[in-house]
Amino acid sequence: MIPIQLTVFFMIIYVLESLTIIVQSSLIVAVLGREWLQVRRLMPVDMILISLGISRFCLQWASMLNNFCSYLNLNYVLCNLTITWEFFNILTFWLNSLLTVFYCIKVSSFTHHIFLWVRWRILRWFPWILLGSLTIACVTIIPSAIGNYIQIQLLTMEHLPRNSTVTDRLEKFHQYQFQSHTVALVIPFILFLASTILLMASLTKQIQHHSTGHCNPSMKAHFTALRSLAILFIVFTSYFLIILITIIGTLFDKRCWLWVWEAFVYAFILMHSTSLMLSSPTLKRILKGKC
């Protein structure tokens, strides 16, 4: 049990972080969206950033509403908000993974014919890959939607005697729901790890073939990408730690520790959002022109 003062402190920190992320996401979408309307085309990285900005904007609002409803025990509202949060959470994970893959194929200096073929395919079918991420998020939340519908029905009949068979089946269904949600997050995490390893290998190769006295543009691109990926790795790891704590949640008072963990995780998400803004050449060029 933590003091109420600390709970309020971390709650305020979390709200400030969330509002900052919302402003950053809105800025990314507004600036790049205007550029899209003017030139009628965007680079793939900017397409990802616009999609990620929209997804993160919606995710952050869903997260705030979901957490406050959970803290206040508003179960009826919470059941509906959880679906929205899960959808944008999975979509954000996949978009972040696609961003790492794009960094890998654009920055890495490998010349193997298989790598070059994969790079060509990804760049050619990039809009369809983005649509595929949206489809995966939609399919993944179907079990959650069914589970939440059942949960709402049980809440409306909570004054009636419970059937143990129905309760057991519901618990098994929730286990399946958790497994499907975990798989939907593990796959992009594996893609992220593979892309990071390839980038590190490419960076090592660049260091071996260039003098250490100066840093060429290729090296700078590697370091910029790896900095963003390092922050994203912390975000992914932090999220999986929260899942672990959720599993063993009986050891903690969730209402007390909720804001501590949310403030911790969204601090890294805020860092990553800032890093994404600095990693887009188009966004930096437009913002510098406005100043």
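Each Cβ is built from the backbone N, Cα and C atoms, and glycine gets one as well.
The N-linked glycosylation site annotation in Swiss-Prot covers Asn80 (among others) and rests on sequence analysis. Asn80 (N-linked glycosylation site) carries a helical DSSP state (H, G or I).
For Asn163 (among others), the entry in Swiss-Prot reads N-linked glycosylation site, with the evidence type sequence analysis.
Mapped onto DSSP helix, strand and coil, the topological domain 'Cytoplasmic' (23-41) counts 17 helix, 0 strand, 2 coil. Residues annotated as topological domain 'Cytoplasmic' in Swiss-Prot, with sequence analysis given as evidence: 23-41 (among others).
Among the features that Swiss-Prot reports, topological domain 'Extracellular' is placed at 63-84 (among others). Residues belonging to the topological domain 'Extracellular' (63-84) score a mean pLDDT of 76 in the model.
The feature topological domain 'Cytoplasmic' is assigned by Swiss-Prot to 106-125 (among others), with sequence analysis given as support.
Annotation source Swiss-Prot lists topological domain 'Extracellular' at 147-182 (among others), citing sequence analysis.
Residues or ranges marked as topological domain 'Cytoplasmic' in Swiss-Prot: 204-228 (among others).
Residues or ranges marked as topological domain 'Extracellular' by Swiss-Prot: 250-257 (among others).
Here Swiss-Prot flags 279-291 (among others) as topological domain 'Cytoplasmic', drawing on sequence analysis.
Swiss-Prot lists 2-22 (among others) with the feature transmembrane segment, giving sequence analysis as the kind of evidence.
What Swiss-Prot records for 42-62 (among others) is transmembrane segment.
Annotated transmembrane segment per Swiss-Prot: 85-105 (among others), in sequence order.
Residues or ranges marked as transmembrane segment in Swiss-Prot: 126-146 (among others). Residues 44, 47-48, 51, 82-83, 86-88, 90-91, 94-95, 98, 173, 176-177, 180-181, 184 of the same chain lie 6+ residues outside the transmembrane segment (126-146) yet bring a C-beta within less than 8 angstroms of a C-beta in it.
Annotation source Swiss-Prot lists transmembrane segment at 183-203 (among others).
The feature transmembrane segment is assigned by Swiss-Prot to 229-249 (among others).
Marked as transmembrane segment by Swiss-Prot on the basis of sequence analysis: 258-278 (among others).
Only residues 6 or more beyond the boundaries of the transmembrane segment (2-22), in the same chain, are considered here, and those with a CB under 8 A from a CB of the stretch are 56-57, 60-61, 63-64, 67, 256-257, 259-260, 262-263, 266-267, 269-270, 273. The highest tally of CB pairs under 8 A with the transmembrane segment (258-278), across 42-62, 85-105, 183-203, is held by 42-62. The Cβ of Asn80 (N-linked glycosylation site) has 14 other Cβ atoms within 10 Å, all protein chains considered.
When the topological domain 'Cytoplasmic' (106-125) is classified with DSSP, helix, strand and coil residues number 14 helix, 0 strand, 6 coil. Sequence-distant contacts of the transmembrane segment (85-105) (same chain, at least 6 residues past either end, Cβ-Cβ under 8 Å): 44-45, 48-49, 51-52, 55-56, 58-59, 62-63, 66, 115, 118-119, 122-123, 129-130, 133-134, 136-138, 140-141, 144, 181, 184-185, 188-189, 191-192, 195-196, 198-199, 225, 228-229, 232, 235-236, 276.
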